[in-house]
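For 12-30, 42-62, 74-99, 105-121, the entry in TrEMBL reads transmembrane segment. According to TrEMBL, the feature domain 'YiaAB two helix' maps to 12-64, 75-127.
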Amino acid sequence: MKLKHNGPSGAFVGASWLALFIGSITYSTGLWNAAMALNEKGYYFTLLLYGLFAAISLQKSVRDRIEDVPVTNLYFTLCWVSIGSALLLLSIGLWYATITQSEKGFYAMSYLLSLFAAVAVQKNVRDIALYHLSIADIGDRDLESFK
């Protein structure tokens, strides 16, 4: 049986990419202009990169499990630990940072926007790839190998 799969709308794909760029660039611009030591800036920037990777990896492993693609429990647990660690480290860093409350809120919100958008972009990329495979005239066996 061939599954019918509708890809994501162009508006959702565009909004997801826009949110990712806005969140990441805003966070990075805030760091660039911040009056903090270079090692602090490096810490927060590394947390952004680590958080983006952790969010994408978690989304992929959750999606793999939904589509019956084998994901080891160890890797799945590491994905959850990674996203939790990234959020915890950002929270601790902002809690003890000597910046104003509004700056702390700015960094927290742009960080969370970036992570959410990264998950949406990853989902869209995978949905679009699956959609292109489903509209091509290929057999069910090839669709199963994509999972």
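Each residue, glycine too, has its Cβ placed from N, Cα and C.
When Cβ-Cβ distances below 8 Å are used as the criterion, the transmembrane segment (42-62) is approached by residues 24, 27-28, 31, 71, 75-76, 79-80, 82-83, 85-87, 89-90, 93, 107, 111, 114-116, 118-119, 122-123, 126 of the same chain, each at least six residues removed from its ends. Residues of the domain 'YiaAB two helix' (75-127) grouped by DSSP class, helix first, strand second and coil last, total 49 helix, 0 strand, 4 coil. Sequence-distant contacts of the transmembrane segment (12-30), counting only residues of its own chain at least 6 positions beyond either end whose CB sits under 8 Å from a CB of the stretch, comprise 44-45, 48, 52, 103, 106-107, 110-118, 120-121, 124, 128. The DSSP breakdown of the domain 'YiaAB two helix' (12-64) into helical (H, G, I), extended (E, B) and coil residues amounts to 49 helix, 0 strand, 4 coil.
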